[in-house]
Amino acid sequence: MTRKIDNTTRYERLRERYMNGGLERRQFLGLLGAAGAAYGLVTPYRALAQTVSQVRFDGWGGVVSEALRENAFDPFTAKTGIEVVDGTFGGADEYLSRIKASQPGEFNIAHLSGVFDYARYHNLGLSSELNEDNIPNLKFVIPKLTEVFRKVTNGTLSCVPYDYGTTGLAYNRAYISDAEMQEKGARILIDEAHKGKIGGWSDWRTRMWYAALQTDQDPNGITDEEAAWDAVRQHRDLALKYWNSGAELMSLLAEEEIHVTEGWSGRIFALQEQGHDIGYMDPPNGFGWQECMFVIKGSPMEACEELLNFMLAPETAIAVAEGQNYPPALDPQQIDLGAKIPTLPAFDPSGTLDGLTFADPAYWNGREADWSKTFGRVQKGY
Amino acid sequence: MSVEAREARQPWILLAPALSAVTLLLFVPLVFIVVYSFWLRSATGADLPGFHLDNWREALTDRFYRDILISTLRIAAITTLVCALMGYPAAYFIARSRGNKMILLLLLMLPFWISYIIRTMSWINILGVSGALNTLLLGIGVISEPLNMLYNEATVILGLVHFLLPFMVLNVFVSLDGIDTNLEDAANSLGATRWQAFLQVTLPLSLPGLAAGGLLCFVLGAGTYITPLVLGGPRDAMFANLVFEAIITQLNWPLGSALSLMLLVVLGVLVMIYNRYLGMAQLMKGLG
């Protein structure tokens, strides 16, 4: 009977032969070198040759990850046997660095926010091409959400739209009334009266978007850039803290470290559900965004498509949406979304999303290099 | 092979694993970073290989980087000073205590069992508006409104001291523990007071440990980015945060490489000065 031996045993036997004088040093080192080189060369391709047993997913963490884990990933694993390993990131920029430093196939699906991220990832050669026949549940998605992605990738898709939301104004009602919010709108973030109790996301896009609103400009066509940067500076001088994640946003508001900030609609709804008296308001031209499940080039496509189809199944997508508090990308004209989803912030019962202002990917990605760098300086007092 | 040749090769054979590790884990990545620092970032975020001095020109001539570097060195220096002032008495107490030295050293090492990030974040629960300290002060009527104690330079220094103090205590302890206590007794018998004996005998002999602890605290403090990220306000960034932003947020690895090398050179010069005047042996003892 032949017995399979592992590499360690093989090395030990080789070493024993060498120590016993049965093998010359040069021969021994040569064999070791050849084994190492062979292992190094083969390792990156092993993933391609193996049956897919797991898919890597990366998202925003917190309640969003919990909702996905509980309502989508665990049931998917139970059904297919494919494990979903989920990681988290604080933003798409940070995640991009990780992908850049990784091997192809190491990261598979990312919960990207905004068409601008989709376009950026595509421009960096990270997009794949989904076989839509393997994702029949795509037919339930609001057509407008899919179309914008198709335009970027020449008619094909590297993602499926999954949910949408807004970055609106969140405020503690114990200190700021609804009437004050209505009166001041986005300008409340640069209001001296709340100095030291203002927060903000350390994201250059959000900062510039709100600066545009504070200076009465179109966020997708800022004409007076200097005025916008001045507004960013003004906000910086009044702010206590730039938050870096959804968890930090929720903690700062819940602990009353800050009284007002812009915030992600789902996270603020989660705070309200927890009993905190936090108000939420989308100012005119508030920051709307749609999130997608982006499949990164080099991923096991069929397994990813199977997961995406599972995630888009109405029962799964609705359960996830109710857990993460963002309306799903499912068309409310086709699917009954239940009782909770219509109460979520940013929900559009018409399914046209005409009431939301989205970031123009070409406009924002064209300024990404300059503005992210400038914000890095402005943030630090320059 | 002759005996001489074998003896000449033996140290190299023994050193081979360590040298390989240093080469593969330190030298090779460093070479990559040096090469990267001469590349450029394209508008889409992709790297453009080549030999360009743009990143270095920007890093060396832009006032922004110089100011943040100076601010970083200042914060690291203040942190080191506070660590020295707080760490020396603690180390002295441990070194001179009888019987329970090991327990005290174990207590000193305990914080290392908890993640550095969690230790840093714990200050939010202590100093926050609804944190332990404000709750206590409000409870006993010292204040009527919660104090804003978080997210400023002072909390960054506090977080750094919390992180670095054990390094200072351990180094000073190693130095103090090696001093013969008979020397102090001899000084006393010659008429010196306890304070004079400490100032003129113990303190000078323990200075190498203090310097080694100071160097470690300074270098580790100047290279941190988590503490200002968690406990700092909008303006409290340190130099490592710039490296983080260039690489992670702006996806500008070439500029991030130039900036990280700049910090490495500054701190490297400091280590070289230390080594020139005090030698690395004391530092190794403290780390050991």
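From the backbone N, Cα and C atoms, a Cβ is placed for every residue, glycine too.
Note: TrEMBL annotation is automatic and uncurated.
Here's what TrEMBL has on this protein:
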| type | residues | note |
| --- | --- | --- |
| DOMAIN | B:69-274 | domain 'ABC transmembrane type-1' |
| TRANSMEM | B:12-39 | transmembrane segment |
| TRANSMEM | B:75-95 | transmembrane segment |
| TRANSMEM | B:102-118 | transmembrane segment |
| TRANSMEM | B:124-143 | transmembrane segment |
| TRANSMEM | B:155-174 | transmembrane segment |
| TRANSMEM | B:210-231 | transmembrane segment |
| TRANSMEM | B:251-274 | transmembrane segment |
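Highlighted: of the candidate stretches B:12-39, B:155-174, B:210-231, B:251-274, B:155-174 has the greatest count of Cβ pairs under 8 Å to the transmembrane segment (B:75-95).
Between the transmembrane segment (B:12-39) and the transmembrane segment (B:251-274) there are at least 3 Cβ pairs closer than 8 Å, counting only pairs 6 or more residues apart in sequence, which means the two stretches are in contact. Sequence-distant contacts of the transmembrane segment (B:124-143) (same chain, at least 6 residues past either end, Cβ-Cβ under 8 Å): 149-150, 155, 230-231.
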